[in-house]
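All remarks here apply to the structure that follows.
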Amino acid sequence: MTPIELDLDSILQFTIKLALDAGQIIREGQEKRFASESAQEDEKLNSVDLVTEVDKAVEKFIVEKIREAYPSHKFIGEESYEGQQITDEPTWIGDPIDGTTNFVHGFPMVATSIGLAHKGAPVVGVIYNPFLDQLWSAAKGRGAYLNQKRKLPITGSPKPLASLGQALIGVEYGMSRSPPALPRKLAAFEKLTAHTDVGGKMCHSLRSMGSAALNIVLVASGGLDMYWEIGCWPWDVCAGICILEESGGRCFGAKTADLSGEVDAKLMAGRKYVMIRDIRATDKQTSLDQQKKFVKEFYDCVEDFDP
């Protein structure tokens, strides 16, 4: 079976409804948490890696609906992950609440992220922010949209981007606050933002949404020029990568990886990502040529590490 043999149109509509319904559970769950004096969250790896009863309830709901509709498909999710590998088989990869820390604090940058991978690559992606009522969706070969109407990027034709000095870049502090992760991220942040007089790139600024999924769709939309992350998992990026690619953007992997711009199971599971928006082609360079040039300049500013 190839991606063309999957009924991507019906799968996309199913996923959109699933995300909207999951969003309703998230909204209601937050209202109940705020009304309760006993609501708590559990720590996973550390005090900044949180999970709530709402995360678990939303994933349970998503898994049940997928199994009802597509019983032969696999599922990989954050709250039920047990070391499953991404294979060629149709595999749903999702995060019930991406941005749990935001959810706990009432900061509205929260999303449910649901993607379908086939042959190791994303073919359907839906990301929904239930608090801002923003839905990003895409299926392979069908374009990417905001709220099912506005084609991405929202700027229309892609904007030019000459260098990092013109860029608005998405970053995150991540779950690991120990060496080497945090010191190397902070060094990269300084290199990207510092004045050129002291060797910096003096990018326009850095932004941190607290949600990988929302960072990615902001790149796809054109609001962010790029997003860099080390430490995410496939459920954080699968849906977003599909939306990004359908908007003309690209996902690249580790600093040592090739710059083909092709996404496969190895890249999705590699936990190192640079997402680049579509860049206007010139007479001498294609959009991909410019994206590769941009990511090379970025890699010169960061020191790699294993999450």
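Glycine too: its Cβ is placed from the backbone N, Cα and C atoms.
Cβ contacts within 10 Å of Asp95 (Mg(2+) binding site), excluding its own Cβ and spanning all protein chains shown: 32. According to TrEMBL, the Mg(2+) binding site annotation covers Glu78, Asp95, Ile97, Asp98, Asp236.
Residues Glu78, Asp95, Ile97, Asp98, Asp236 make up the record's Mg(2+) site, and a Cβ search at 8 Å around their centroid adds Gly94, Pro96, Gly99, Thr100, Ala111, Thr112, Ser113, Ser211, Ala212, Ala213, Trp235 from the same chain. Neighbours of Ile97 (Mg(2+) binding site), defined as other CB atoms within 10 A of its CB across all chains, total 32. Glu78 (Mg(2+) binding site) is surrounded by 21 other CB atoms, counting those within 10 A of its CB over all protein chains shown.
Fewest Cβ neighbours within 10 Å among the binding-site residues Asp98, Asp236: that distinction goes to Asp236.
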